[in-house]
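**Q** Can you keep this structure in mind? I'll have questions shortly.
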Amino acid sequence: MATWSNFNLQNSASPLMEQIIFFHDHTLVILIMITILVGYLMISLFFNSYINRFLLEGQMIELIWTILPAITLIFIALPSLRLLYLLDELNNPLITLKSIGHQWYWSYEYSDFQNIQFDSYMIPINEMKNNNFRLLDVDNRIVLPMNNQIRILVTATDVIHSWTIPSLGVKVDANPGRLNQTNFFINRPGIFYGQCSEICGANHSFMPIVIESISIKNFINWINNYS
């Protein structure tokens, strides 16, 4: 989850998020290099006294400043396209989770198991415990097994919502009458927080998402106890 004075992305909990962080750093390096180059040229032109009143065209310099930006864009576009296709790829998910957005809470259904569905509301401030996080904890967490491919189906019943877990690199719009899907792979145990990322009304800020990642053995025990 995000913490105070954290200017970076959240710590990765999935391979896709690691790739997103790598692409962010890769693009940022290119932007810094461009900024330094342009800044150096502007400062050098400002302080030198070279002029050429008879310069009407320069095919070579025009060729250079056309080819170099094109090459730079290719270095950004290729890893971006690779990552885009990785985010859309589904690889034999172990379980399917269905998430339904409401004003202003989430409900979940484990489609592979019978009678496992629940609503997830934010814990009000006056009911919080010492180990709860303000505006982030819920009464019913999503429990999922780590080190397994998971598919999530997302929809809504009223307005557009967005199901988002930053540390997993997942953000899916929940549209009424439409079923969107994506997949993720949690590679470590822990509790991961997210929030609705689409303005959906007065209490938009009060519909958090919490995933509890556990081992497959504990997940099976949870399924049996819930049933």
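Easy rule for this one: first residue shown is 1, then count along the chain.
Here the Cβ of each residue, glycine as well, is placed from N, Cα and C on the backbone.
According to Swiss-Prot, the protein carries these features:
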- 1-26: topological domain 'Mitochondrial intermembrane' (TOPO_DOM)
- 52-62: topological domain 'Mitochondrial matrix' (TOPO_DOM)
- 82-227: topological domain 'Mitochondrial intermembrane' (TOPO_DOM)
- His161, Cys196, Cys200, Met207: Cu cation A1 binding site (BINDING)
- Cys196, Glu198, Cys200, His204: Cu cation A2 binding site (BINDING)
- Glu198: Mg(2+) binding site (BINDING)
**Q** Please give me the CB contact count at 10 A for His161 (Cu cation A1 binding site), counting all chains in the structure.
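**A** Counting Cβ neighbours of His161 (Cu cation A1 binding site) within 10 Å gives 30.
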**Q** Mind giving me a neighbour count for Cys200 (Cu cation A1 binding site)? Other Cβ atoms within 10 Å of its Cβ, every protein chain shown.
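**A** Result for Cys200 (Cu cation A1 binding site): 21 neighbouring Cβ atoms inside 10 Å.
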**Q** Which residue among the binding-site residues Cys196, Met207 has the fewest other Cβ atoms within 10 Å of its Cβ, if you could check?
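**A** Each of the binding-site residues Cys196, Met207 was scored; lowest Cβ tally within 10 Å is Met207.
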**Q** Using the centroid of the Cβ atoms of His161, Cys196, Cys200, Met207 as reference, list every other same-chain residue with Cβ within 8 Å of it (recorded Cu cation A1 site), in sequence order.
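**A** Same chain, not in His161, Cys196, Cys200, Met207, Cβ within 8 Å: Gly101, Gln103, Trp104, Trp106, Ser162, Ala174, Gln195, Ser197, Glu198, Gly201, His204.
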**Q** Same chain only, please: residues at least 6 beyond the ends of the topological domain 'Mitochondrial intermembrane' (1-26) with a C-beta under 8 Å from a C-beta of the stretch. Say none if there are none.
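**A** Distant Cβ neighbours of the topological domain 'Mitochondrial intermembrane' (1-26) are 76, 79-80, 83, 86-87, 133, 136, 166-170, 184-188, 190, 192-193, 213.
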**Q** Non-local Cβ contacts of His204 (Cu cation A2 binding site) (under 8 Å, 6 or more apart, same chain)?
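**A** The answer is Trp104, Cys196, Glu198.
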**Q** Which residues, same chain and not among Cys196, Glu198, Cys200, His204, have a CB within 8 angstroms of the centroid of the CB atoms at the recorded Cu cation A2 site?
**A** Gly101, Trp104, Val159, Ile160, His161, Ser162, Ser197, Ile199, Gly201, Met207
**Q** Using a 10 Å cut-off, grab the number of neighbouring Cβ atoms around the Cβ of Glu198 (Cu cation A2 binding site), all chains included.
**A** 17
